[in-house]
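Have a look at the structure below before the remarks.
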Amino acid sequence: MNYLRAISLSLSFFLVGMVGPIQAQLQMNFYANSCPNAEKIVQDFVSNHISNAPSLAAALIRMHFHDCFVRGCDGSVLINSTSGNAERDATPNLTVRGFGFIDAIKAVLEAQCPGIVSCADIIALASRDAVVFTGGPNWSVPTGRRDGRISNASEALANIPPPTSNITNLQTLFANQGLDLKDLVLLSGAHTIGVSHCSSFTNRLYNFSGRGDQDPALDSAYAANLKSRKCPSLNDNKTIVEMDPGSRKTFDLSYYQLVLKRRGLFQSDSALTTNPTTLSNINRILTGSVESFFSEFAKSMEKMGRINVKTGSAGVVRRQCSVANS
């Protein structure tokens, strides 16, 4: 459901495997003149509400991830469709939360600075602020993103890595966005907070290869516990499970420890141990400090936040985040 702290603001480079470039004409404090309090408004709103809904940190960072992986970080994940064909209607986004939260922030900003702050920037800022307020890493969020007006469910399905991904699929989908295997490992670290629905991994418990079997890569004791206490059937699509049991509210290294113990919840978590580069990155992170992980995670989040951004005349500022032509 994670970016380059030292990157030059004028740098632009091409995504691997994509037609469109990463446009890096973002800047710190982009709204300094047009809406001076924009970032503080977002920060204050998050601060005032996150204590009542700490799980929003994981929800918002997932939303940011899902937004950036489809047409770049342009807020298109927020668009509603009367025909049910928008990104948020696609399977990967059916469990995404936080739409109302972003809409509420947008309403406050529109009252202060009508038509100035993009929905895409609100997602980027709010996800960072929510993670920080729950004790997680901080990262720079240059602003100036413009919103897109196109949102297709099929593109979300094609570009967002599913939890059933193997390492080849993960590497391809991340490379399509200009992200490498190190970014894959670091951004997967966001699974240290938040929860998942059983439907995202019950195939590992009950029907891994289509023969009613269990994923051999999943620790058998952990699988037995999930079956008996969390997800009693293959068809359970309501129960939620901690992605980092016992530590889901703390942004730490325990997710990586669980992955090495074969207790990562998703196939995509387990996949990180099947490639020498991703596995060595996990081991390197675990031999370092939490502070070092925070620093590296921040760089990958900053990098992700620049994916194929629209700036200037390339996009618009939607007055209502859920409405394409607003």
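In case you wondered, yes, glycine gets a Cβ from its N, Cα and C as well.
Remember, it's a predicted structure, so these values are computed and weren't measured experimentally.
So that you can see what the record holds, here are the features copied from TrEMBL:
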{"type": "DOMAIN", "residues": "25-325", "note": "domain 'Plant heme peroxidase family profile'"}
{"type": "DISULFID", "residues": "CYS35-CYS113", "note": "disulfide bond"}
{"type": "SITE", "residues": "ARG62", "note": "site 'Transition state stabilizer'"}
{"type": "ACT_SITE", "residues": "HIS66", "note": "active site, proton acceptor"}
{"type": "BINDING", "residues": "ASP67, VAL70, GLY72, ASP74, SER76, GLU87", "note": "Ca(2+) 1 binding site"}
{"type": "DISULFID", "residues": "CYS68-CYS73", "note": "disulfide bond"}
{"type": "DISULFID", "residues": "CYS119-CYS321", "note": "disulfide bond"}
{"type": "BINDING", "residues": "PRO161", "note": "substrate binding site"}
{"type": "BINDING", "residues": "HIS191", "note": "heme b binding site"}
{"type": "BINDING", "residues": "THR192, ASP244, ASP252", "note": "Ca(2+) 2 binding site"}
{"type": "DISULFID", "residues": "CYS198-CYS231", "note": "disulfide bond"}
Candidates GLY72, SER76, GLU87, PRO161, ASP252 (binding-site residues) - the one closest to CYS198 (disulfide bond) by CA
PRO161
Hey, which of the binding-site residues SER76, THR192 is the loneliest by Cβ count within 10 Å?
THR192
Need this for a regression test: recorded positions HIS66, CYS113, CYS119, CYS321, filtered to those with Cα within 10 Å of GLY72 (Ca(2+) 1 binding site). What's left?
HIS66
Other C-beta atoms within 10 angstroms of the C-beta of GLU87 (Ca(2+) 1 binding site) total 28
Nearest to ASP252 (Ca(2+) 2 binding site) by Cα, among ARG62, ASP67, CYS68, ASP74 (recorded positions)?
ARG62
Chain-mates of ASP67, VAL70, GLY72, ASP74, SER76, GLU87 with C-beta within 8 Å of site centroid, Ca(2+) 1:
HIS66, CYS68, PHE69, ARG71, CYS73, GLY75, VAL77, ALA120, GLY148, SER151
Argmin Cα dist to ASP244 (Ca(2+) 2 binding site) over the recorded positions CYS35, ARG62, ASP67, CYS68, CYS119 returns ARG62
Which residues does HIS191 (heme b binding site) neighbour through Cβ under 8 Å, counting only same-chain ones at least six apart?
MET243, ASP244, TYR255, GLY264, LEU265, PHE266, ASP269
Under a criterion of Cβ-Cβ distance under 8 Å and sequence separation of at least 6, what residues of the same chain contact PRO161 (substrate binding site)?
PHE69, ASN169, LEU170, LEU173, PHE174, SER268
For the recorded positions VAL70, CYS231, the largest set of other C-beta atoms within 10 Å encircles the C-beta of VAL70
